[in-house]
Amino acid sequence: MLNVLFGDPNERRINPYKQIVNKINYLEAKLKKLTDSELQEQTERFIKLLSNNSSNEELLPEIYATVREASLRVLGLRHFDVQLIGGLILNDGKIAEMKTGEGKTLVALLPTYLNALAGFGVHVVTVNDYLARRDSEWVGQVHKFLGLTVGLIQEGMSQFERRENYLKDVTYATNSELGFDYLRDNMAIDLEDIVQRPFYFCVIDEVDSILIDEARTPLIISGPGNSPVNKYIKANVISQDLIKDIDYEIDEKARNVILTDNGILKCENLLGNTDIFNLQDPWAPYIFNAIKAKELFLENIHYIIRNQEIVIVDEFTGRIMSGRRWSDGLHQAIEAKESVPIQSETQTLASITYQNFFLLYPKLSGMTGTAKTEETELDRIYGLEVNCVPTHKIMQRVDFPDLIYKTQYSKWKSIADECLDMHNLGRPVLIGTTSVEKSELLSSLLKEYGVPHNLLNAKPENVQREAEIVAQAGRLGAVTIATNMAGRGTDILLGGNTSYMARTALIDLLHVNDASTISTDIATNVDFLKLKTFIQTKLDIETFINDPQCNLKLGLACEKSFTNDEQIITLRAVYQVLIEYYEKLLSPEKLRVQSLGGLHVIGTERHESRRIDNQLRGRAGRQGDPGSSRFFLSLDDNLLRIFNGDKIAKIMDQLQIDEDLPIESKLLNSSLESAQKKVEAYYYDARKQLFDYDEVLNYQRQAIYFERRKILETNNLRSWILQYAETTIEQYIEDYFSKEANNLEACLANIEFLLGLNNFFDVIYCSTLNRNDLKQFIIQQLYIAYDLKESQIDLIETGLMRELERSFLLQKIDSSWKEHLQQITILRESIGWRGYGQKDPLIEYKNEAFNLFVNMVSKIRQSVVYLVFRSQPILKN
């Protein structure tokens with residue numbers, strides 16, 4: 001009704017952009033007349049105009065028109081009007097919701113080029129290394145064509161490589177690499193160790209995945225800590241003796257466990273009448289984690305075991321998270337459960353949440369196919385407005401109502417039946433599962449049915465073929481099982497992805513990869529053999545495949561960017577022949593798949609978040625293609641079991657519905673959506689609470705990191721140490737004069753101890769001085785003592801005092817910050833109990849965290865001054 005009266009609010013937000021798009025379109029004919037070199041000269045012209053105070057808004061239509069023309073010449077892809085709208089939304093620091101297949105990667109070119117002209121560096125963030133490399137090599141060619149430099153950050157890169165790539169105009173990286181580099185930079189002991197520039201503008205691809213799904217997991221750099229391995233083993237043994245619903249209760253919504261009185265007594269008896277809550281030797285955290293490991297964290301669902309290690313599986317993407325560990329002893333508890341080596345518990349050296357990390361960017365924007373359901377959170381926490389970009393073609397996908405079965409058996413049997421029917425029909429099917437275990441269960445069923453299929457989950461043997469499997473999931477009769485959204489970022493094209501097949505064939509012709517996926521085609525097809533002969537006459541293949549630039553050149557060969565490189569020109573000619581071959585080969589197949597109804601997506605369980613369900617559905621019906629989706633559910637599914645599953649079961653029993661027959665009802669769909677909204681609200685509250693608490697630490701983090709950076713950037717830190725000493729001395733004197741039972745002798749003794757002096761001050765003389773005169777007198781002595789200490793140390797080696805100052809400052813800041821993080825963690829874990837005393841835990845946390853921080857800063861000052869004045873370097877012979 002409101003939409004009828006006032007119009008669609010999203011449409012109102014989009015309308016102003018349409019006027020700018022008209023201006024961009026008007027400039028298209030003019031730019032088409034420019035030669036390549038004239039088009040490339042536009043960049044230098046824009047930079048000069050911007051440096052002469054021309055505004056981005058004035059130049060924006062021409063800048064976007066230039067990028068569109070460059071994209072057409074380099075990639076053969078021209079931005080549609082809706083893609084221009086997406087680019088305008090991003091430039092305004094908002095989130096552009098664009099459906100799957102609408103060309104988000106191409107859209108990001110527009111704002112990244114415009115903002116890179118300022119010279120401060122732009123970051124394009126993706127969810128994995130593969131997508132970062134793909135985008136930098138593909139659309140990065142447009143930036144290079146226009147004269148900008150393109151960088152890429154990948155796992156395993158050296159410090160030098162990282163610094164060089166961050167200096168580029170546009171840098172592609174994953175969210176985790178960016179975050180960890182930021183933390184490492186703020187642990188650096190030399191300016192040369194810092195790799196990042198100050199942040200400027202950032203575009204996040206799959207922004208909902210990074211800012212919502214990963215917001216609960218902070219980035220942590222850890223060091224070795226003390227962990228009693230025997231406690232994890234003993235707690236695991238005890239947990240096996242405890243009985244669910246008698247000794248402990250499970251809160252599945254909160255993913256938490258609660259020990260009953262009976263359970264506490266049982267644990268204490270098993271431990272020899274030990275109080276499990278004893279603060280000096282606590283057992284409770286170990287037992288709680290052991291029960292969580294037993295009940296809430298399951299192999300092939302939440303983790304896999306690889307090389308005797310527990311590897312986390314991302315519950316949202318189905319990908320393995322190498323190098324990541326659960327904190328607070330949970331990972332060790334799972335290691336004890338699975339009888340694999342228990343790694344030492346670590347101590348946090350530096351940490352930050354993605355929420356606070358991305359808020360460091362003065363200008364932030366993002367793209368995704370699914371953000372509307374989370375727009376409240378994105379606005380409240382990040383200040384990011386969500387705008388929905390219209391699709392280029394009308395969406396044709398049909399989303400069928402869910403089918404709900406009484407048992408898991410009935411559900412999986414029906415899914416397998418549907419896969420068989422679709423396969424026999426020739427229609428491609430994509431089945432999304434929620435875990436490794438369930439993907440393998442369905443795979444076993446399909447094998448029994450004789451249905452050929454591809455399996456993609458977190459297991460290493462499947463991950464290696466990820467892009468290939470997803471790219472070919474639209475082939476005639478293809479059946480693909482994928483865990484959640486593994487493979488996200490690679491489009492499923494009806495009839496098959498010809499460009500992917502052509503590139504794979506080119507790689508096979510060069511023998512770049514040992515394992516060929518289409519080697520039979522190549523071996524038996526005369527045209528392919530002719531192409532191989534052609535390559536051999538033009539290239540030294542062995543030299544080429546050993547060239548470090550091999551992959552980059554292959555990427556360039558598969559694009560349309562200008563090049564003088566003879567090797568790339570040769571490979572591009574072969575690639576074009578392969579493209580034409582596969583397009584001709586697959587064109588009838590594409591038409592056939594379209595006529596059958598396109599890709600059919602099957603969901604095997606409703607996720608806790610509607611977004612994840614929408615992402616799965618969004619694989620079908622891209623760019624106006626036909627498609628459909630359907631979810632098959634069971635009353636045993638987690639979401640239904642936790643929320644209202646028993647009520648639906650009663651209805652099915654009352655109606656005497658057979659186990660093999662499903663319920664299909666819009667009312668039930670609404671009930672499920674309501675359950676999902678409850679879960680989403682719960683997790684939003686958890687993320688908001690995390691943000692509120694981490695914001696307190698964030699202010700402290702920024703203060704410490706600012707101080708550290710200034711220390712690294714300052715050549716002479718003498719004034720720094722003296723300022724620390726003055727502040728400490730002034731505090732001692734203030735304390736002396738403010739106390740009723742003042743003790744001047746004790747005050748002077750503290751100052752003498754701080755400065756490494758023995759019986760230096762005359763108490764009788766000092767007692768005759770007023771507050772200000774006493775300060776001036778002691779600070780005067782401080783400067784004399786410091787000059788003497790500097791002369792003494794510089795006798796050993798000229799300039800040694802400066803090195804000691806920096807070393808002591810960084811050493812004490814880092815060690816104190818590490819201890820502070822530990823204290824903050826303990827405070828955070830215990831503060832919740834204040835709520836039972838009618839106190840607001842957050843306010844209590846803020847007050848106590850502030851006091852801890854003030855004490856830490858005071859301790860740093862005192863310790864640094866003490867170390868400098870007590871240092872006694874030894875003269876070398």
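Including glycine, each Cβ sits where the backbone N, Cα and C put it.
Per Swiss-Prot, these features apply:
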{"type": "BINDING", "residues": "GLN83, GLY101, GLU102, GLY103, LYS104, THR105, ASP491", "note": "ATP binding site"}
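Following the DSSP three-state reduction, the secondary structure of GLN83 (ATP binding site) is helix. In this structure the residues listed as binding ATP are GLN83, GLY101, GLU102, GLY103, LYS104, THR105, ASP491; their two most distant Cα atoms lie 17 Å apart. Of the binding-site residues GLU102, ASP491, GLU102 has the largest number of other Cβ atoms within 10 Å of its own Cβ. Between the candidate binding-site residues, GLY101, GLY103, the densest Cβ environment within 10 Å is the one around GLY101. Excluding GLN83, GLY101, GLU102, GLY103, LYS104, THR105, ASP491 themselves, the residues of that chain whose CB lies within 8 A of the CB mean position for the ATP site are, in sequence, MET98, THR100, LEU106, VAL107. Shown in sequence order, ASP135, TRP138, VAL139, ASP205 are the residues of the chain, 6+ apart in sequence, with a C-beta less than 8 angstroms from the C-beta of THR105 (ATP binding site). The Cβ of LYS104 (ATP binding site) has 25 neighbouring Cβ atoms from other residues within 10 Å, across all protein chains displayed.
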